[in-house]
Amino acid sequence: MVFGGVVPYVPQYRDIRRTQNAEGFSTYVCLVLLVANILRILFWFGRRFESPLLWQSIIMIITMLLMLKLCTEVRVSNDLNIKRRSFSAADSKDEEIKAPPKRSYLDFDLNYFWHWSKFTDYVQCVLTFTGVTGYITYLWLDSSLFVETLGFLAVFTEAMLGVPQLYRNYQNRSTEGMSVKMVLMWTSGDTFKTVYFILNQAPLQFSICGLLQVFVDMAILLQVYLYSSYPQKPTSHTTHPASTKAL
């Protein structure tokens, strides 16, 4: 239960490291899982749930940070002309890539958000989000409505992780570049997780969103079956066969 959630990302990590190509993996997957698991940990302070679920969130956060670090290093090394983008103000002593002399303290331009040039920028963003949400949670920890809403947002965010993949398949009328084995791993893992929630009487949010996640996985498998009778459209970019629930 603790390590099952990160298992699908192990072959993805090894594949990116081996090929030095992160084109087929969207770092927005890391963003969604980081947000979901940080919120889940904060929810634990308001309503204590099973310890394995808490440790699962901690392990997932560590895994997503490792994925971000690898993807950032690979992307920068493959594109030497990449323009320096940062979460916080650029350092005037930056020797790697010269940044413009004047920048705002925080770069919230949607065109560059979560497309930064250094792993430390992602860490700063995660710490900022954790600090802000942690402080808000501390102030409203006595409110049962807030705590229950926080728990719902945590598991609902994770449950929606497969929706971008579902939508992309629908747009392309194709599942080319997506590994069916990986989807089967998601389905089996999400099914086991949902049964675990129900049997151990986890908070209702966990069970409802777990069922929703299984439904999304089944919908993707249904797309595989339906689109198998249609000619596969060529993709405009390289995708890893082990690509996870990418945007």
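The backbone N, Cα and C atoms fix where each Cβ goes, glycine too.
According to TrEMBL, the feature transmembrane segment maps to 25-47, 53-71, 122-141, 147-167, 205-227.
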Among 25-47, 53-71, 147-167, stretch most in contact with the transmembrane segment (122-141) (C-beta, under 8 angstroms): 25-47
Residues from the same chain, set at least six apart from the ends of the transmembrane segment (147-167), whose C-beta lies under 8 A from its own: 26, 28-29, 32-33, 35-37, 39-40, 42-43, 46-47, 137, 140-141, 178, 186, 203, 205-206, 208-210, 212-213, 216-217, 219-220, 223, 245-247
Sequence-remote partners of the transmembrane segment (25-47) [C-beta within less than 8 Å, at least six residues beyond its ends]: 12, 16, 53-54, 57-58, 60-61, 64-65, 67-68, 71-72, 114, 126, 129-130, 133-134, 137, 141, 146-148, 150-151, 153-155, 157-158, 160-161, 164, 203, 240, 243-247
